[in-house]
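Enquirer: Positions annotated as domain 'G-protein coupled receptors family 1 profile' by TrEMBL: 49-298. Among the features that TrEMBL reports, transmembrane segment is placed at 33-59, 66-89, 109-128, 148-172, 207-234, 246-268, 288-309.
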Amino acid sequence: MSCESCTERDNKSTDVTMEFLLLGFSELLCLRVLLFLIFLIVHLVTLAGNAMIFMAVVMEPSRPPMLFFLCQLSVIELCYTLVIVPKALLSLLVVDGSTISFIGCAAQMHLFVALGGAECFLLVAMSYDRYVAICQPLHYVAVMSEGLCLRLAVACCLGGFAVALALTVAVFRLPFCQSHRINHFFCDVPAVLHLACTRSYAPELPLLAACVLLLLLPFLLILTSYVCIAAALLRVTSTAGRGKAFSTCISHLAITVLHYGCATFVYVRPKSSYSPAQDKMVSLVYTNITPLLYPLIYSLRNTEIRAVLRKMLRRKKKIAQLK
């Protein structure tokens, strides 16, 4: 949106009492009830799935590094959905869209980007774990120590929150036009940037920098890990051994493709190609569908998770029998 289509910078755009209007799915009024029920069911199943994995891993006395990272991934997904979905559900109940304060919008954007960024870094840590397990199996226990896993987990969270804070501050320091109607169901970066009253591409530079730090660099590190893993697997003469080693990477690869595919489509493009309808559809996938798929992917493909879940279910049966 250029300043030609609006008045001069809205004086209230720097006022923390200013409110944004999240239009959500106001153009789909006839499907409101159906969408609400679908999103609510998906949200509850997502919370239950990630909470079950979290509880199963926490109750396990001996936690390999991959289980530790999966536990952190489940926590991130739990927080991820809680930041976005409740407000999206509310927007379906209100005909003309739901309002969100300036501070609330900034907080939602910061948490969303921070959690998404932490997940990007966590996927790098998980790829490094697979690299050490396959390329340096004799040194795996020594390298992937509990202390290193904890430091990697903390670094993932701090890195994501630091980049998200810088991006959020840069976005909300921009002048906004008098229209504060966000054509989205949450305060996503492209949707808020679309309201900025600027003619230049300068406001997109912080988003570009965040994409480099949160998407490009982690993706290159993951790609490097898998190039090394592929080279190591090519030296394995046994087809069965090669397949067994690669099968431990399938879950991580599937989640990496889902996460980076959606994020790249939404954020790595110029403001001029912004499409609210497309963004909302893709956002529906990575805020509702992918968090639902993560527990399913890992519970179906990861033998360690399956074993831990079976142990938890056996414990529950024993407790029920004692009662």
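All positions are counted from 1 along the displayed chain.
Keep in mind that glycine also has a Cβ here, set from the backbone N, Cα and C atoms.
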Enquirer: If you average the pLDDT over the domain 'G-protein coupled receptors family 1 profile' (49-298), what number do you get?
Expert: 85
Enquirer: For the transmembrane segment (207-234), which partner among 33-59, 109-128, 246-268 gives the most CB pairs under 8 Å?
Expert: 109-128
Enquirer: What residues elsewhere in the chain lie close to the transmembrane segment (246-268), defined as a C-beta under 8 angstroms and at least 6 residues from its ends?
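Expert: Contacts with the transmembrane segment (246-268): 116, 119-120, 123, 126-127, 130, 133-134, 188-190, 207, 210-211, 215, 219, 222, 226, 229, 233, 279, 282-283, 285-286, 290, 293-294, 297-298, 301-302.
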